[in-house]
Structure formats: C-alpha cells, structure tokens
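What TrEMBL records for 33-50, 70-90, 102-121, 127-146, 158-178, 190-209, 253-278, 298-317, 348-366, 372-397, 404-426, 438-458 is transmembrane segment. Residues or ranges marked as domain 'Major facilitator superfamily (MFS) profile' by TrEMBL: 35-465.
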Amino acid sequence: MSQPPSRSCLPGHSRFTSAAPITPYDWSTAKKVLHIGLISFFTFITPLASSMFAPGVPQLMKEFGSTSTTMASFVVSVFVLGFAFGPLVMAPASEMWGRLPVYWLSGAGFACFNAACARAGSLDELIAYRFMAGAFGSAPLSNGGATIADVVLPDKRAAAMSVFSLGPLLGPVIGPVIGGLIEDAYGWRWVFWVLAMVGGVQTILMATFMRETYGPILDARSHPSSREASSSRLSLWKKTEMLRHGLIRPIKLLLFSPISAVLAVYMGIVYGYLYLMFTSIPETFQLFYGFTTRTVGLVYLGIGAGSVLGLLYFGVASKRDALKQAKENRETDTEAPAMVPEDRLRPLRGAAPLIPIGLFVYGWTAEYRVHWMVPVLGTALVGFGMVVVFIAVQLYLVDAFNAFAASAIAANAVVRSLAGGVLPMAGLPMYTKLGIGWGNSLLGFIALSLVLAPWWLLKYGKELRDKFPIMNL
C-alpha cells in the first residue's frame, strides 16, 4: 500500500526533520483556521473595493464636472488593472522574503491609498490612487492560495480553497449593494473611508495573529548555517537579480507552460464576463424593468446566490470524484498517488457549461422582457459556473506548480485582472450595437468554445506537465 507523502518532503518543507520545529502542517486546527480566515477575509475585502465605489460614480462625475462615459467606466475598472500588475511584484517577493511581510505591506498600502482616494481633489488623482490601491491589494489574490498550500495538506486543501476562492467572486457582487447604501447616506468619499478603516483593521489583525508559513523561510530560521540563511548576506546585486528573476517568472509561465497559458485565458474570459455583467445589469434592469438605483443593486445577489450554490456543488463533487479516483488508482497501481492535480478539474465537467447557458438565458429573456426573475436566474447560473471554475483552477495551479504556486497564481491573476479591467469598457458599446440578447449570445458562444478545456487538461495535463517542466523558469 502506498504511503501518504511525508510532510518533510512536501514542496516548501523539504529540509524539516522530526527534530525540527513544528511546521505549519503541524499547527492546531484553530491556528490554521485563523490564518485561512484572515487571508480569506482580506481576499474578500480587496475585490469588494473594486465595485463598492460603482454606485457613487454618477455623483463623483458631477462633482468633478466630467461627462465622459469612458472615464466613468475607467475610474471603476482601473482598480482591477492594479490587480494585474501588483502580483508581478507581490508573488516573487513572497517567495524571497516570506508571505508575512508582503501581507503587511499590502494591507498598509491598501488602507493608505483608499484614504488618499477619499481625499482626492481631481479625477486624475482618484484614478492614480485607485490603481495603487488595487496594486497593493493584490497580494491576497496572488499569494493566498500559496499560503493555504503552506498550511494545509493536499488531501484537505479543497475546503480551505473553496472558502478562499469565494472572495474574488462574492466581493464584487456584494460591493455595489453596500456601496450604494453608504453613498446614498454619506456620499461617495465615505465609501473609501470605510475601505481604508477596514483595511487598517485587517492589517493590524494580520500583524498580531499571523505567523510566517513559507517553508524555505522557516527552514532558514531553523538552520542558521544553511544555504538559505546566507541570503541575508547576499550582495545588493544578487538580491536584485533574484527579484528580477522572480518578476519575470509569471510571464515565463504564461509563455512556456501551455497549462498556465490555457487556464489564464480561460480565467481571464470568465472573470472578464463577471465585470461585463456588472456594466449591463444596471442599464438592463432600470430600462427594461423599471428598477431604481437602490433596488438594482439587489440584482447582483443573483450572481452571489449562484456562487454559494456552486461552492456547495464543488465540495460535494470534488469529494466524490477524489474518492472514486483514489480507489481506481489504488486498484490499478499501488504506487499511484491518491490524487493527481488533474483530479481538481473534474467538477468543471458539469459546471463549466452553465456559464454559456446562463448568458443565453440572461440575454434573451431580458431582450423579450420576460419576468425579471428569469434573467436573474440566468445570472445565478453564470455565478454557479464561475465559482466552480475559479476554485478548481486555483486548486489545480497550487497542486501542479507546488513551490512555484504563488508565481503560477500570479500569472493567472495578471491575465484575469487585465480582462476584468479592460472588457467592461467595451461592454456598453457592444450591448448598444448588438442588444442585450445578441451581445450575451456572443459571450455565450465564446464561453461554449472553452467548455472542452477541462476535458483536454484531464486527458493531457500530466503529459504537458512532464513535457514542459517549470523548475528552470
């Protein structure tokens, strides 16, 4: 019978021995839950900030005397563009100096630049501060999955990643609801004051309760004479070279790893669709169904409800598939691992088709003025599929890229965030030209063409990982 991998042999924990200090894998359940909870909450706050400001845009544009619809869209989406560039620094920095300092810097920067947004005196200032807030707030998105891999063994990782992955989907959904209430009562600047205060509290909590989790950093502390410990004596030139190498690794993954490239494109399209829907929902439900500015924010809860159901489905499906695959592996090859990274993608076979189906339902039922609950149901189907795609891809990247999980997730986050930042600016012109029915159908056909991607990776994923190794990137 095959034995589970030793904790000391897992990536990122290679030098620990039984005599070494306790590793994050050996922490108590309460300590693990605390760390996962803080990271998951941080991962919820930063995407929340991406859309929380959206209801206040008309008031802001009036205050600054601008009538440009492009600028109105850009002042919202520029935050997500910050998500695209931040991971290029945050991910390699966490692999050089540890997860904890990066989280501290990220939280402090996020809080400070949101406070700067609240005091912005011009539209240009606000755009610049929004971009920086997004860049600093990207750390939990790029490094959070790697932190979970640091503290949770692979066979128990799915539940933790499911909770963590809800933030990037539920945050943008809930953001307009909360932001609309704050803006209506206190004005748009208070949205940023609230985000700054929450970010500050989050940073204090991380500084107080979190501990370092990255194996090589802990190893260097436990073995002062080890090679890793000598990094503190490296020349400035050598450290610069290491950082440069870390900065370009996510780009190399996109260029030289077919798996990373395919999943980045897939996630980019799916995440871009989420923000495209944000641009279409207010106009669609106000124009076609007579919703008010306040009530239209509640429509986003359809995506949220679908996301929660998708989370439940993923938990059930992944456990069922994992048990089935582990049994098959043991029966056919006693040396086979209980799970391989490709097993993480199995729930996508049933969930991925719901994204194009939901887009078709949302588009055409709204086009023909069917009762508003039906297009909301369509958005729920999209949310269901999106959350399963997001969780499965994150888990797959963590398991497939091991010690380079942060760089792999960062590469994915760069493409995803670029799509989320750029596509919304094309959304309203597309719907104006094609209509909500054909506009969503175009998106649906593109999503339909991607449904086979999980099947392709299930069949050829291991072969591709062996053919395109990443250790020397």
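Numbering starts at 1 and runs along the chain as displayed.
Every residue gets a Cβ built from N, Cα and C, even glycine.
Annotations in TrEMBL come from automatic prediction, not curation.
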Taking contact to mean 3 or more CB pairs closer than 8 A (sequence separation of 6 or more), are the transmembrane segment (127-146) and the transmembrane segment (33-50) in contact? yes
State the non-local partners of the transmembrane segment (404-426) in its own chain: residues 6+ outside its ends, Cβ under 8 Å from one of its Cβ atoms. 50, 70, 73-74, 76-85, 87-88, 90-92, 94-95, 138, 141-143, 145-146, 149, 246, 249-251, 253-254, 260, 263-265, 267-269, 271-276, 278-279, 393-394, 397-398, 470, 473
Give residue numbers and ranges for long-range contacts of the transmembrane segment (348-366): same chain, 6 or more residues beyond its ends, CB-CB under 8 A. 270, 273, 277, 284, 288, 306, 310, 313-314, 317, 374-375, 377-386, 388-389, 392, 436-441, 443-445, 447-448, 450-451, 453-455, 458
Checking distant contacts: for the transmembrane segment (158-178), what same-chain residues at least six beyond its ends satisfy Cβ-Cβ under 8 A? 32, 36, 39-55, 140-141, 144-145, 148, 152, 271, 274-275, 278, 297-298, 300-301, 303-304, 307-308, 311, 314-315, 318-319, 322, 344, 383, 386-387, 390-391, 394-395, 398
So are the transmembrane segment (372-397) and the transmembrane segment (70-90) touching or not, going by 3+ C-beta pairs under 8 A with a sequence gap of 6 or more? no
With pairs 6 or more apart in sequence, are the transmembrane segment (438-458) and the transmembrane segment (33-50) linked by at least 3 Cβ pairs under 8 Å? no
Report, as numbers and ranges, every residue of the chain located at least six residues beyond the transmembrane segment (298-317) whose Cβ falls under 8 Å of a Cβ in that stretch; write 'none' if there are none. 158-159, 162, 166, 169-170, 173-174, 176-177, 274, 277-278, 281, 285, 291, 346-347, 350-351, 358, 372, 376-377, 379-388, 391-392
Quick test of the contact rule: Cβ under 8 Å, at least six residues beyond the ends. What residues does that give for the transmembrane segment (102-121)? 39, 42, 45-46, 49, 90, 93-94, 129-130, 132-133, 135-140, 143, 189-190, 192-193, 195-197, 199-200, 202-203, 206-207, 210
In this predicted model, what is the average pLDDT of the domain 'Major facilitator superfamily (MFS) profile' (35-465)? 84
